[in-house]
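Positions annotated as NADP(+) binding site by TrEMBL: Gly163, Arg164, Ser165, Val229. Marked as domain 'Tetrahydrofolate dehydrogenase/cyclohydrolase catalytic' by TrEMBL: 3-118. The domain 'Tetrahydrofolate dehydrogenase/cyclohydrolase NAD(P)-binding' annotation in TrEMBL covers 137-279.
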Amino acid sequence: MIISGKELAAACKAEMAEEVKSFPAKYGRLPHLVVLLVGEDPGSVSYVTGKAKSADEVGIKNTTIRKPADISEEEVLKIIDELNADDTVDGILIQLPLPKHIDTDKVIARIRREKDVDGFHPLNVAGLWQKTECVLPCTPKGIMKLLKASGVGLQGRKAVVIGRSTIVGLPVAKLLLDQNATVTIAHSRTKDLAQVAREAEILVVAIGRPKFVTADMIGEGAVVIDVGVNRDPETGKLCGDVDFEPASKKASLITPVPGGVGPMTICCLIENTIEAFLKKVEK
Ligand code: NAP
């Protein structure tokens, strides 16, 4: 019933750790991920800490550059230029959101596309939509791994994605389409959202509203992937966009929050870094 992203991510990380052990002898160094954290937003700090912990578990080198929230855009671009030029850096991740005075699109576009392990660079986004070589964004990639590992067939099946952000909703819809699912993308202006959602055989929810999707919005036996990370206003605990307990009685498979999509996102970040490293050293 419950798809454990935590368990799958642990297995993926253990596999990667085995592979990484051979790298120093084979290639003379380890893959290196650099994370730039601007400011001290508690959510961002906790995400960055989680990423560093996972990178340590897999045994790849990782560095977090911490800068104050009032750093100028020019200084951020300079840091990226230096990391781009550093041959020992394989992956660059800018922890989002950036402070408002910094143009996020400009910063992301400055990263060399092959070091963009988040898959947000315009050329990587284009690659996803044009089906050419690209770095896939971590959360959508992680969701596809979860579905595959759970044996969920996608061909010809009805998938509904609620949310159309460029980092989750749109790319996951494209990846589902590439697997021959029939995909509907719903959003805040969708009429009769509950009915649209109920028709889904595979329902992916990425909206950022605690427990928004209730059991009556879920078709009997649907596979439910909950991407949301929210604080429950009543308990203060982490919760998803789906009201988990009642929803799990309708769903055939469902991801929990925490322990579902989140760990797979981090796992894919490490995988993208290793892939970027291998592309470089095996050239
Ligand atoms: P976002 O950029 O804020 O996009 C939210 C999307 O949800 C928008 O497309 C919006 O529609 C739609 N939406 C909002 N309210 C809605 C409603 N009442 N009915 C239908 N659609 C609604 O969010 P995001 O970056 O995609 O993130 C979504 C959630 O996933 C957040 O909780 C975030 O923290 C979480 N997240 C988790 C991971 C992970 O690894 N677990 C990774 C990334 C994000 P419009 O376009 O019409 O405004």
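Cβ from N, Cα, C; glycine included.
Just so you know, TrEMBL annotations are computer predictions that nobody has curated.
The structure displayed is predicted, hence computed values, not measured ones.
In terms of DSSP helix, strand and coil, the domain 'Tetrahydrofolate dehydrogenase/cyclohydrolase catalytic' (3-118) has 62 helix, 19 strand, 35 coil. For the domain 'Tetrahydrofolate dehydrogenase/cyclohydrolase catalytic' (3-118), the mean pLDDT of the prediction comes to 97. Sequence-distant contacts of Val229 (NADP(+) binding site), defined by Cβ-Cβ distance under 8 angstroms and a gap of at least six in the same chain, are Gly208, Leu238, Gly240, Val257, Pro258, Gly262. Mapped onto DSSP helix, strand and coil, the domain 'Tetrahydrofolate dehydrogenase/cyclohydrolase NAD(P)-binding' (137-279) counts 57 helix, 26 strand, 60 coil. Cβ environment of Ser165 (NADP(+) binding site): Ala206 lie under 8 Å away, each six or more residues apart in the same chain. Sequence-distant contacts of Gly163 (NADP(+) binding site), defined as residues of its own chain at least six apart whose C-beta falls under 8 angstroms from its C-beta, comprise Gly169, Ala186, His187, Val204, Val205, Ala206, Ile207, Gly208, Val227. Across Gly163, Arg164, Ser165, Val229, which the record gives as binding NADP(+), the greatest C-alpha separation is 16 Å.
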